[in-house]
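Report on the structure given below.
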């Protein structure tokens with residue numbers, strides 16, 4: 001009750017009365033919602049307690065009626081961990097939503113039951129397991145991520161957040177141009193199909209935001225759902241699965257595998273433009289490219305499980321290795337053809353020449369060396385003295401010690417022969433010159449030679465020869481003209497390989513990319 005002091009002015013009394021009435025009204029207005037909230041909380045608690053009164057969570061709905069519980073399932077993909085090819089597994093975080101009807105939870109109260117996690121452990125929930133999970137756990141940040149929602153008709157929605165590490169049976173036949181289908185399989189552990197049946201939500205079995213699911217090496221193209229009921233000795237068990245379809249991003253392997261190996265193959269072709277005489281450079285280039293190719297191959301295989309079949313990357317590296325080794329073997333062939341020519345024993349040639357001269361008679365001196373029909377005037381002079389003498393070969397010789405093909409003679413290359421008696425010739429040939437290559441021979445004495453040259457003494461490397469000696473003049477076919485067919489053959493092989501190897505590699509690339517580029521598995525559900 002508000003009392004007014006009559007001694008105060010009237011207006012002051014009126015103001016005080018209004019202020020007191022406002023405070024009283026505010027207190028009443030604040031108390032009403034609080035009381036209503038408390039009443040609602042009490043009704044909700046009473047409703048939960050009434051529903052759970054006599055409720056046995058160990059007994060499924062419809063028990064004893066012969067009717068199975070039908071559980072509708074759908075999932076939301078929250079995030080992906082990376083896919084591990086070496087362990088054939090992948091990680092994913094999902095929201096698992098299960099819906100079923102429990103007639104024991106039917107109620108007619110005017111108070112809706114809010115979603116709650118406090119009563120999850122007091123209700124019956126399906127015995128769902130994930131059959132291909134290596135690890136699975138409920139998320140509990142910042143509280144246990146489980147919630148249940150019950151409507152008036154007894155329909156139950158149970159949502160849980162799970163972190164899964166799942167096995168994935170991968171097929172690497174087309175690696176790294178492959179796509180992988182990884183399963184998530186849900187099945188009943190305890191109840192057979194007589195008691196419980198799982199099925200996917202027909203409207204949207206899987207949901208996710210494509211922009212939120214980013215993988216370094218894969219794209220998530222979509223998903224396919226299927227049933228996978230299992231027949232065991234203990235009965236038939238309901239099972240449903242979803243197949244996530246991943247296509248591999250080729251960019252990483254193009255930069256780390258395909259482009260470097262292509263460059264190595266192209267690098268091996270450089271040897272076709274190096275001269276045949278450049279043996280060290282060509283061999284070093286070939287060996288380096290082969291070893292680098294093998295190292296690159298081993299680096300890629302380290303991230304894959306050992307499998308018994310041939311992968312697409314194995315085919316690629318095998319052919320690249322064939323091209324690289326082929327370039328090295330091509331040089332070996334060319335070098336052999338150019339460097340290896342048939343040799344003729346000088347003793348046999350000298351004997352043949354003596355027989356021919358005895359039949360035809362002495363050949364008159366000429367003012368120049370005899371020219372072969374091939375037009376080569378190069379000459380090698382071998383002195384034949386009374387004692388074995390070492391004479392260095394002059395220019396443009398094809399004859400070398402041991403029968404090795406020659407070019408320009410060097411001071412270290414020494415030929416020695418003796419007087420043309422049979423016994424001394426045998427001894428000189430065996431101890432000195434062994435072979436000359438395809439040579440045409442003329443014999444004359446030093447005096448004959450000097451007479452042809454107008455009295456000028458015959459010299460070899462600036463040293464005058466003994467006039468009492470005789471010489472064996474090897475002219476004509478022993479020069480560069482005889483060597484040219486073999487050199488031309490090697491150069492011709494190099495020229496052919498310069499365009500044959502690139503053409504073959506282009507054809508291989510065309511067939512490879514056509515064969516391994518294919519349509520991936522088509523998903524039923526695409527976000």
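Each residue, glycine too, has its Cβ placed from N, Cα and C.
Automated prediction, rather than curation, is the source of TrEMBL annotations.
Since we're looking at a predicted model, the values are computed, not measured.
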Of the residue ranges 181-200, 201-220, 221-240, 281-300, the one that TrEMBL records as transmembrane segment: 281-300
Segment assigned the feature transmembrane segment in TrEMBL (from 147-170, 315-338, 339-362, 363-386): 315-338
Region 'Disordered' according to TrEMBL, located in which of 391-414, 415-438, 439-462, 463-486: 391-414
Result, the transmembrane segment (250-274) in contact with the transmembrane segment (496-514) (3+ CB pairs under 8 Å): yes
